[in-house]
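Lifted from TrEMBL, the feature list:
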{"type": "BINDING", "residues": "Ala14, Glu37, Leu45, Trp365, Gly372, Leu373, Ile374", "note": "FAD binding site"}
{"type": "BINDING", "residues": "Asn151, Gly152, Asn153, Val154, Arg195, Arg196, Glu207, Gly372", "note": "NADP(+) binding site"}
{"type": "DOMAIN", "residues": "5-167", "note": "domain 'FAD/NAD(P)-binding'"}
Amino acid sequence: MTTLRLAIVGAGPAGIYAADILLKAERSFDVSIDLFEHLPAPYGLVRYGVAPDHPRIKGVITALREVLDRGDIRIFGNVEFGRDITLDDLKRHYNAVIFATGAVRDATLDIPGIDAEGSYGAADFVSWFDGHPDVPRTWPLTAQSVAVVGNGNVALDVTRILAKHADDLLPTEIPANVYEGLKASPVTDVHVFGRRGPAQVKFTPLELRELGELRDVDMVVYDEDFDYDEASRTAIESNKQVKVIDRVLQEWRTRPGVNNAGGTASRRLHLHFWARPVEVKVDDEGHVSGFVYERTRPDGVGGVTGTGELREVPVQAVYRAVGYFGSPLPEVPFDERHGVIPNHEGQVLHADSNELVPGMYATGWIKRGPVGLIGHTKSDAMETVRHLINGQGSWWQPEDPSEDAIPALLAERGVQWTDLDGWHRLDQHEIGLGEPEGRARIKVVPRDEMVSISRGE
Ligand SMILES: Cc1cc2nc3c(=O)[nH]c(=O)nc-3n(C[C@H](O)[C@H](O)[C@H](O)COP(=O)(O)OP(=O)(O)OC[C@H]3O[C@@H](n4cnc5c(N)ncnc54)[C@H](O)[C@@H]3O)c2cc1C
């Protein structure tokens, strides 16, 4: 029977689901899969994006782990495609590749002052609080007042972590340096800004409701934002999710804190709607000193238009949570505009001609763009794998498809790769670190430490 030697690049949910789906699929050939991952630990943004105080979502790792633990997929962690292994290598040793490299960069927000000191991308902050090995250990949490720009769930995560008292994060897996940093934060006010109205937000109801449950944090909403137009009223009546969001916000309007009056908590969380970012104000030292926005109003066709009224809120830090963006991979077509690998249902296309590139497939956020939940990467992977199976005629014909060739190649290049046993060692080590403190785990952050623990050195 023919064997498909498949390389998958990226061990996030998209890559792992693709491997699982292929192994379980009805097919007329055997499969041998190698999963290459740039980090020494698998699970992508489930480990390094999903917030530490969302243990239920982090629990998806259990399902992903079961797939890896079956033992029919080889993992090569701490191996970066484009540096440690190249497209030519893959063509020499595999019949096909699926790229599942996700998106880790912040999308840009093109307003004056956005590059000032004290202005950050949400993705970098998320990487810090989730213990990503490739970001600095310390984060400058010196601001009393902070602006968060964006009305999606990442904005909510950033807002919640900034506003929450550090001790309330202690039961989670946050690394020690993150706890220390947040503990010392002098923050009192976090302002969240969205261009559109309460009925147009991209938050999901559960995540929004959670904001209102933070200890010693008052929710502040402003009556002027709730003067709904016809489109908003229709959205609330016709869409269950919008209805629940409206109900949550209306309940907050009855609490002390509305229009900033009557709250007693030591921290406040302000939601500003109909607010288009205009400028980040910068002081003489080049540091963020304020956030200027323009009041907007509905344009009658589902969008917004500016009113010309400018307002300024004094803040010392700005976090933009306006979306993630994919990164190009060496020798792989890339769509610069959308930050994805150009593809038709997961079959990679040449960037200029739209013709299929044989042997190359994509799945997950690098295929579809950085929208959607973990569950969506599963349906995504099904589509990609279906094309991979049906595309047998266009697979590469490798010179040396032997499984031994890959460890030999990596060893020859001096790559310190980690494997599944190594991941188990690191996993156990992290669980062990948490045990004396009654915590589920404490993450190991430095890359060299992760690698040496994994490799049993
Ligand atoms: C802050 C944040 C919070 C989120 N919270 C939730 C939530 O609560 N619930 C939910 O359902 N979804 C949530 N999501 C969405 C979820 O994380 C994504 O849907 C999902 O992770 C996308 O999967 P993916 O495998 O495509 O990408 P990723 O998870 O990003 O995985 C890609 C993997 O590829 C690796 N890689 C990249 N480049 C290379 C290379 N050159 N060589 C080798 N490996 C490489 C990366 O290291 C990474 O491990 C959240 C996302 C973010 C950003």
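Placement of Cβ uses the backbone N, Cα and C atoms for every residue, glycine included.
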Please report how many Å separate the Cα atom of Leu45 (FAD binding site) from that of Val154 (NADP(+) binding site), as a whole number.
12
Kindly point out which of the binding-site residues Leu45, Asn151, Val154, Trp365, Leu373, Ile374 have a C-beta less than 6 Å from some atom of ligand 1.
Leu45, Val154, Trp365, Leu373, Ile374
Using a 10 Å radius around each Cβ and all protein chains in view, which of these binding-site residues has the most neighbours: Ala14, Leu45, Val154, Leu373, Ile374?
Ala14
Work out how many Å separate Asn153 (NADP(+) binding site) and Ile374 (FAD binding site) at their Cα atoms, rounded off.
13
Helix, strand or coil by DSSP: which one applies to Glu37 (FAD binding site)?
strand
Alpha-carbon distance [Arg196 (NADP(+) binding site); Leu373 (FAD binding site)] in Å:
22
Cα-Cα distance, maximum over Asn151, Gly152, Asn153, Val154, Arg195, Arg196, Glu207, Gly372, record's NADP(+) binders, Å:
21
Within 10 angstroms of the C-beta of Glu207 (NADP(+) binding site), what count of other C-beta atoms is obtained when all protein chains are considered?
18
Number of other Cβ atoms within 10 Å of the Cβ of Glu37 (FAD binding site) across all protein chains:
28
Neighbour tally for Asn153 (NADP(+) binding site), based on other Cβ positions within 10 Å of its Cβ:
18
In angstrom units, rounded to an integer, how far apart are the Cα atoms of Ala14 (FAD binding site) and Val154 (NADP(+) binding site)?
19
